[in-house]
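Enquirer: The structure's right below; bear with me while I get my questions together.
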Amino acid sequence: MKFFLIFLVIFPIMGVLGKKNGYAVDSSGKVSECLLNNYCNNICTKVYYATSGYCCLLSCYCFGLDDDKAVLKIKDATKSYCDVQIIG
C-alpha cells in the first residue's frame, strides 16, 4: 500500500520534470540546417540549452530540451529514427 501511495506522488512529478527531444525551432518557426554533428551540438547546447544535439536528416536534432521549448511536429517514424543518437 505504501508503494502505491509513493508511486501516486512521484509519477506526476516525473512528468513535470521530464525533458523532450526534437528539432528545436526558433521564433520564426524554422529549424537549424546542418551537415556536421559538432555544429548541431553547439546550437542545441548554447542556443536552446539542451543537453546535446546532432545532425539528423540535415537538421539539428536536440536531446534534453526543456518542456517550454518549441519543437517541430514530425512523424513518429522520423522521431524514433532520430532518437537513436549516433556516437562520434
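Just so you know, glycine gets a Cβ as well, placed from its N, Cα and C.
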Enquirer: Of the residues C56, C62, which one does Swiss-Prot pair with C44 through a disulfide?
Expert: C62
Enquirer: Of the listed cysteines C40, C56, which one does Swiss-Prot record as disulfide-linked to C60?
Expert: C40
Enquirer: Which disulfide-bonded residues are spatial neighbours of C56 (disulfide bond) here, meaning Cα within 10 Å, out of C34, C40, C44?
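Expert: For C56 (disulfide bond), the disulfide-bonded residues whose Cα atoms are within 10 Å come to C34, C40.
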